[in-house]
Each structure stands twice: as structure tokens, then as C-alpha cells.
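According to Swiss-Prot:
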type: ACT_SITE; residues: Asp53; note: active site, nucleophile
type: BINDING; residues: Tyr111; note: substrate binding site
Amino acid sequence: MKNIRFDVEYDGTDFCGWQRQPGGIQTLQGELEAQLGRILQENISLTAAGRTDKGVHARLQVVNFMTGSAMELSKMAHALNSLLPDTVRVSNPHVVPLDFHARFSAKEREYRYFLLEEPSALRCRFTGCSKGSLHIGVMQDAAGLLVGEHDFLLLSKEPADKKNPVCLIKECEWQEENGVFVFRIRANRFLRSMVRYLVGVMIAVGRGRAVPEDLGMLLDDGLMTFPLFPAEPNGLFLWDVSY
């Protein structure tokens, strides 16, 4: 048996998230496993670095799987890309150690969120929208409060995250590039929907509906002083994974 790693890039708009689901629901894991199984004539089970939600994209998702196939890896990747939708591509196939695990071997992950102040018909698949003017200075102040180790349980919608809700944020910042507000966050791990909730909080800050100190109280004291809403999924990308 060999342990194979692929890098995967995808537009998540038309998928119901990464994780395989019953009942014929279209997911990225389900699509990739089905087509790999068709090529290799094996039951394939993929492990991924991040389980992205419905509508979330990936510039770099990392997956691995075990196979007994002797097929040349470049041919395997080419065959897989020929069967996948145009919105999903695999690249960089290579054999990795048997103990490599795309999720648990990862040291850091980076997400980016792309945000517009007003809707765009041409960019709506890949940007969220604040539907109003933003003050990037106070949003950056709020982002600075996130650096370090914090309990993010209130910013997750996954009950299983209660077991270990602490994440170490390594880098976190907002930048404006040609009218697009870009949020970049790098951490050792993330809870489910955590980045979308963080962006939602900072949109509230940027529009004057909250202040950075409200985020501080949420993280330090577990106090919610304003309604929490996750940002739209379409602006979010799994951007990088480090091993």
C-alpha cells in the first residue's frame, strides 16, 4: 500500500461542502472519491487538511489516501482531472510517508476572506459583501486582538468543538487591495465556521455596529454584546496549509 498526497483547488459554489454526505448530495470529498475509485477500481477514502463548508473555496486543499495501485501518479492525476468538473483540479501528486495525515500532520492553516462594500455581479462567486462602507482601521484593531491563544467556542457552530475550543492565532490582518478588503488569518487549527463568524464580527466593527473591545470581551469573558452572524461563505478560501 502507498500513501498518496494530492493538492486540490476548487470553486466550492456548487458543492455542499467538503465532507461526504449520504443521499447523493454533491460534496467535494464524495466527487473526488467516486472518480478516484472509478479510475483505480478501489474503494478510496480521502483525508483532507480542512473540511470546508458549503460554498467555501480552496486555493490549496491537501488530501491523502491509501492505494494499492501501481498507476503512474501523473497519469492518475491527469485521469482524475479529465473526470472532475472544471471547478475542481488536482495537482502535485506524490507518495508520502505512511504516517502522513493531511489533517493531523498539518502545523498551520491559512484562510483568506475577500470582501466588497457593495455587490458585484462579476465577482459574487468569490467575494462576500458588507452592504455598506467599512472602516478598515478599526477592523485592523479588532484583528490585532485575535493574535495569540484564545477560546473560540462562541465562534463555532460544531458541538464537537466543545472538547477543544482553543486555537493559537499566529497572524491576522486586514488589507485593502483595489477596493477589495482582504482578511488573512493563520493559525494552528480552526473550529468549524470560526473564520466566517470572525469576519462577521469585524464587519460589524467596520460598520460601527460594534467596537473592537466587544470582540475582546467575547474572547476573554465569553460575553456577547451584539448579535453574532457568520459572513457569507462565498468570500472564504482555504489558502495554504503548512506541514
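Backbone N, Cα and C define each Cβ position, glycine as well.
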| task | Taking only the Cα atoms, work out how far Tyr111 (substrate binding site) lies from the residue listed as 'active site, nucleophile', in Å, as a whole number. | result | 13
| field | Close in space, distant in sequence - the residue listed as 'active site, nucleophile', Cβ under 8 Å, 6 or more apart | value | Gly17, Trp18, Arg192, Ser193, Arg196, Pro233, Leu236
| query | Within 10 angstroms of the C-beta of the residue listed as 'substrate binding site', what count of other C-beta atoms is obtained when all protein chains are considered? | reply | 25
